[in-house]
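Q: Per TrEMBL, the features are:
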- 264-298: repeat 'PPR' (REPEAT)
- 299-333: repeat 'PPR' (REPEAT)
- 334-368: repeat 'PPR' (REPEAT)
- 404-438: repeat 'PPR' (REPEAT)
- 439-473: repeat 'PPR' (REPEAT)
- 474-508: repeat 'PPR' (REPEAT)
- 509-543: repeat 'PPR' (REPEAT)
- 544-578: repeat 'PPR' (REPEAT)
- 579-613: repeat 'PPR' (REPEAT)
- 614-648: repeat 'PPR' (REPEAT)
- 649-683: repeat 'PPR' (REPEAT)
- 684-718: repeat 'PPR' (REPEAT)
Amino acid sequence: MGVLSLSRTCLRRPCWLESAYSVSSALLASDEHQVFDVLPVLNNNTAVVEKSVVSCQEVSDQETCKLFAFVATVVKTLNLGEVKKVKFVQAVRYNGYAHSFHAFKMIMEVFAVAGIENNVQILLRDIVSYYGEVDLDVLGLSQSLIDSPDIAGVISSLLSVLIKVLAEKRLMESAVGVLLQAKENKVEPHIFSCNFLLKCLMQSKRYELFVDVFDLLRNSGPCPNVHTYTILLNFYRNSDLEVDIVRALMEVLGEMQKFGLTPTAVTYSTVVHALCKVGFVQSALEYVRDLRNNNCFFNSYCYNAIIRGFCQQGEVDEALKLLEEMRSAGISPDIYSYSILIHGFCQKGEFEKCDDLWKEMAHWNVQPNIVTHSSRVSGLCKVGLVDLYLENFHDKGDHDFEYDLTYYNILIDGCLMTGKLDNANDLLEEMTMNGLTPKPFTFNRLIHGFYKEGHLKEALKVIEMMRESLVAPNVFSCNVIADIYCREGHLVEALKFIDEMQNLGIVLDSHTYYVIIKWLCHNGMSEKAWEVLPVMFKKNVFPDVAHYNIIMDGFAKQSKAMVALKLYRRMLEVGLAPDMFTYTVLINIFASKGKMDKACSLWKEMIGKGISPDKIAYTSMIAGFCKIGDMEAADVLYQEMLKNGHIPDVVTYTCLIEGLCKMNRLDMADRLFEEMELHECLPNVVTYTVLIAGHKKVGHNGVADKLYAQMAQKCISPDYIAYNTYKKGYS
């Protein structure tokens, strides 16, 4: 191992290269007749998988890379391209694990001595991936590295890189395990790797492990540096632990001072951000002023955090004052300072201040970026002034950046808020033409916008564009899209669309199917609607009482009462309890057939379950009693209806008037007709028809004439039945 005995300093000397290359080449290819082949192939093309030793002469015609020759080449050139030519899993497949690991380890040791840790990281990533594929314990890998002779701190370097590789792969327990294993074997990993591990633990919200690792570093090394403590400050800033953040920050700064560590601008910025995050914006400002008075180095990030803090608290004028303070401290406000302020003033609707800041940016030669433009246009859109920006949208004279998804989304939202659906659609098309793939919510918002305005064909065009962009809608949009298809009469397309969405893995809810069922029933296809229920069960979407109700109502309206009752029994069998709508449908079925005994039984059952009847339920019962001539019972329910706060509608009044007319109680019918007007319930052509028929029946032709004339005065056009009733009398 002559190569590895050379010091790191020697490795970096030009004089070393020539001798090292020759030594390593001699070492690795000393026996030119026996080398390990990465892809050895026998004469019968059978690959040799385990430790394969073949003659160079036997494979001289093959374009395969010999393992140890590969090592010699890498050591000689230290070339990253050569390193990437052979994968560890490939080497193991043809040469066995032991030889492959020995070869890769030799290369890593050379790179480590040379200080080229990036190449070590590439090789270790490859080996760790192999360990994951074959389910090997990574601690075995680290132990193999530890067991090597420690030349020029090679073991420390290799373990440090291994910790980084495991941390970046989010194998946190393994990374911490390697750190502990190193400590047990008296190996000190680099603090930079430990810092990286802490950062990854914080980002992964592994707070307990973070605290354990930091305590380990604090107590037994490697000693935390400024960056370590800055990560700790960030930990307190970003974690959701229930701690006194201000106190924790001060304790960390005190500990840094105790160990003679001078905070950097990043450290100060982290403290300021943390204070602002918990609402201590004024304290953060005082802290920055103390730093300034003590001639500590800090930058615009500190002031920007405070500016943002004041803006979030609505104190935009206080934030604005900080621009001058920054300049007096020798810190030039940057694009982020202005972007935050412009966003703050836009949120407050103070657009004159925004324009002033825009001019000030030009004065100080601060070029606006996409964030600045987005903040400005967002504010304009929120107050309905999107037109002001649309006019100059394509004028890019003052900037050289391209509009991003966020910018387009803001403009599209502004167009939708002001009803400019065509502009929104044009922007969406422009996005796709510019190579930007809109997010699902961008499509969804536009679909919803067209849907709300009743522009269903335009909505379908957006849906088609969505499909072409291979963007899947969310479940809410699926419901809207299904409804749009149904409204346009495309029921088959609606069902096909639902299947496509489920195949894409979108979990649809019961409302999606409710939309289909509703439109099937609306089009008189209640049988087809019933067929949807088994489909729902098959898709693990369970129908609720609303699905059964609407199908029962559909059958009732098709005069298929027996089928509706059969479905009701099926509903009870699956364990669903009837609600008020269910009872209303059933009551209406029996009442319309004059079977008031069954209707009354259901009425009592409904009341007994604590379900209060609504206006429709009352009207159904009243109509049923009127049908069988029991006006006394109808009147009792009518009075109860009024008492319970349900205002009768034209259907209720018409049923009562018709019942009274059949009983020749024209006086009561006329009184009820007048009562309608008192309750601001306008009679319709059916109401007039039944009242005219009643008066014609008893010979009150004069009253019938007045009623017929009244229809014309109220712009109610008589239909064929009304005209015949008036001309021919009661039938």
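Cβ atoms here come from the backbone N, Cα and C positions, even for glycine.
Give me the structural setting of these features: burial, nearby parts and distances.
A: Proximity of distant same-chain residues to the repeat 'PPR' (264-298), defined by a Cβ-Cβ separation under 8 Å and at least 6 residues beyond the stretch ends, is recorded for 226, 229-230, 233-234, 236-237, 245-246, 249, 253, 256, 305-306, 308-310, 313, 315, 322, 329.
For the repeat 'PPR' (299-333), the number of residues in each DSSP class (helix H, G, I; strand E, B; coil) is 26 helix, 0 strand, 9 coil.
This prediction places the mean pLDDT of the repeat 'PPR' (404-438) at 80.
When the repeat 'PPR' (439-473) is classified with DSSP, helix, strand and coil residues number 26 helix, 0 strand, 9 coil.
Among residues of the same chain six or more beyond the repeat 'PPR' (509-543), those with a C-beta under 8 A of the stretch's C-beta atoms are 475, 478-479, 482-483, 486-487, 491, 494-495, 498, 502, 550-551, 553-555, 557-558, 560, 563, 567.
Shown for the repeat 'PPR' (544-578): DSSP residue counts in helix, strand and coil, namely 26 helix, 0 strand, 9 coil.
Sequence-distant neighbours of the repeat 'PPR' (614-648) (same chain, 6+ residues past either end, Cβ-Cβ under 8 Å): 580, 583-584, 587-588, 590-592, 594, 596, 599-600, 603, 606, 655-656, 658-660, 662-663, 665, 679, 681.
Tertiary neighbourhood of the repeat 'PPR' (649-683): same-chain residues 615, 618-619, 622-623, 625-627, 629, 631, 634-635, 638, 641, 690-691, 693-695, 697-698, 700, 714, 716, selected by CB-CB distance under 8 Å and a gap of 6+ residues from either end.
For the repeat 'PPR' (684-718), the list of distant contacts is 650, 653-654, 657-658, 660-662, 664, 666, 669-670, 673, 676, 725-726, 729-731: same-chain residues at least six beyond its ends, Cβ to Cβ under 8 Å.
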Q: Which residues of the chain, 6 or more past the ends of the repeat 'PPR' (579-613), have a CB below 8 A from one of its CBs?
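A: Same-chain contacts beyond the flanks: 545-546, 548-549, 552-553, 556, 561, 564-565, 568, 571, 620-621, 623-625, 627-628, 630, 644.
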Q: DSSP on the repeat 'PPR' (684-718): how many residues come out helix, how many strand, how many coil?
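A: Its residues fall into 26 helix, 0 strand, 9 coil.
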Q: Across the repeat 'PPR' (649-683), what are the DSSP residue counts per state (helix, strand, coil)?
A: 26 helix, 0 strand, 9 coil
